[in-house]
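Report on the structure given below.
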Amino acid sequence: MLILSLFILIIYSSIINNIDTINLLSSSNKIGWKLQNYNIIRIGIIIILYSLYIFKDISLSYIFNNYNNNNDLNIYIFNDLYKLNIFNIYIIFLLLIVIISLLSINTTYLTKIQIKNNNNNISIGKSDNYIELNIYYISIIIFNIIGLILLLTSNNLISIFISIELQSYSLYILTGIIPKSQKSGHNSLFYYLIGGIGSIIILYGISLLYYITSNIFINNINLIYSLDIYNINNNILIGWLFIIIGLLIKIGAAPMYNWSILLYSNSNTIITSYISLIPKISILSYILLIILNLYNLNNLNNLFNNNNNNNLIYILSIIIILSLIIGSIGGLTQIKIKNILAYSGLLNIGYFLLIILSLINNNNINSILAYIIYITQYCFNHISIFILLIIAIIYNNNYNNFITNKNLIYIYELNYIKNNRYLIFCLIIIIGSFIGIPPLFGFYGKYYLLISSINSNYLFLSLLLIISSIISSIYYLYFLNITLFDNNNNKNNNNNNNNESLLIPSFNIINDIKNNTSLSLSNKLKNNQVGNYITYILSSYILIILFNFIQWKNILKGTYLISILLF
């Protein structure tokens, strides 16, 4: 019901935003047609809220009624092809919330600008950043949603590969969705080639598992692994290692990370906000599920005394060390916004993998709890910083009298928002949460991450985590310093009496643009507005990041209840 309501919501939103469809209607039917579709959208929103309310009550009762009776808390559907538990359901809910928030960013861009050139009216299409919220764009998003949901619930080797490719191909198309853009097509082809390498490695691991076990169901493979036959266990572990390495290549973990830096920096801002978060959450969550399925947690201590598991621990440790070192040091020399966010994402991949590694060596639900808390705060921080960047793009164009929305490339271009106290406050909160300053949400994520790694006796990795966090805070603070205190690049700012009205719903960002000698505006950019929901989303995430400690005990109880389902 929840998934159906989401599809209804985004499909009808795309239809309403399709200007060509509206123009086909007569003037008398346009108003009624719009109202009818807006009512359908409201129905979709009501279903989503009602589903969340039902899920809250059912999940808690399901936990208490089954965990106390030591029953199997997994739900198998479609002849054991897919498996549901409270963990992957939580991740799916989190992903759906993130996707809805990211889709709302698109509407902040200019649609079309009309410019009068002497005698003729010239239409300068859509801006470089604009992605029309049409049925094609929404179809790609829907296929991506289906792929990530199927991946998180897969209990079959074939369904794993199909789900990964369904998710990956939708992202390949998404990076090249901007028409008549050579850079967009180059990014799509580049992403496709790198993803193909990861798919080959994943397919080799799947074929190796099938060759050894003659079975495609994960439960049966794990049952064979539990027999503790040395040669078979070694080969099964190697097969899973190939799958995990292929998945890590697809999200840009070290040492194969360079492609992600180039892709994020050259892609559209909206696309970057999507491809830098959604595949990362789904793939890392599924790697955690692989570890949980591979090692029966009821006999965890016995299984990890075997030497067969050292290969997995060593390889993950190397990837974590490289990700932490490169992610923390690499951002120090960057002056581009997306490059810094890309290195920050690489650093956070190391954090996530450290939580997963601590789960291997620790029969404790603290690792699951740390993962849930950290991935939740990371999603909130990521969405908030990209919404702020989108608003800053329009704010920057207002000062520079740009005709079309240009991407913010360098950090100093954020200097134009420092006259707006609301945007600066949001930026300080987001950067503080990335650093991990208490009592912000990011502090609790890093706190439980550190506790989990120390309890697992990974003291060297815990020390490296602290050092990398300190080093990364340097470029986070540099990011903030350039924005707030660097006046060298802000000489051409115009005094605007309405600076602080940016976060007030329904207003025109660009009030006026100076006339050029040969060009004058025939339309004062009435479409260049920040909608109510954008400001509400940003405000809501900032309040969650800032005031989550008020009911922190209740949050911990909820994450604890989710965690115990896996043990």
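Cβ from N, Cα, C; glycine included.
Here Swiss-Prot flags 2-22, 43-63, 133-153, 158-178, 189-209, 236-256, 274-294, 340-360, 372-392, 423-443, 459-479, 530-550 (among others) as transmembrane segment.
For the transmembrane segment (189-209), the list of distant contacts is 157-158, 160-161, 164-165, 168, 171-172, 175-176, 221, 235-236, 238-243, 245-247, 249-250, 256, 259, 262-263, 275: same-chain residues at least six beyond its ends, Cβ to Cβ under 8 Å. Annotation: stretch 340-360 has the most Cβ pairs under 8 Å to the transmembrane segment (236-256), among 340-360, 372-392, 459-479. Of the recorded ranges 133-153, 158-178, 340-360, 459-479, the transmembrane segment (372-392) has the largest number of C-beta contacts under 8 angstroms with 340-360. For the transmembrane segment (158-178), same-chain residues at least 6 beyond its ends with a Cβ under 8 Å from one of its own Cβ atoms are 81-82, 131, 136-137, 140-141, 143-144, 146-148, 150-151, 184-185, 187-189, 191-192, 195, 199, 202-203, 206, 216, 243, 247, 250, 263, 267-268, 271, 274-275, 279, 282. Proximity of distant same-chain residues to the transmembrane segment (459-479), defined by a Cβ-Cβ separation under 8 Å and at least 6 residues beyond the stretch ends, is recorded for 317, 320-321, 324-325, 327-329, 331-332, 334, 337, 340, 343-344, 347, 350-351, 354, 357, 411, 431, 434-436, 446, 449-450, 453. Here the transmembrane segment (340-360) has Cβ contacts under 8 Å with residues 248, 251-254, 257, 260-261, 264-265, 272, 276, 280, 284, 287-288, 291-292, 295, 304, 309, 312-313, 316-317, 319-324, 326-328, 330-331, 334, 367-368, 370-371, 374-375, 378, 385, 411, 434, 446, 449, 452-453, 455-456, 458, 461, 465, 468, 472, 475-476, 479 of the same chain, all six or more residues outside its ends.
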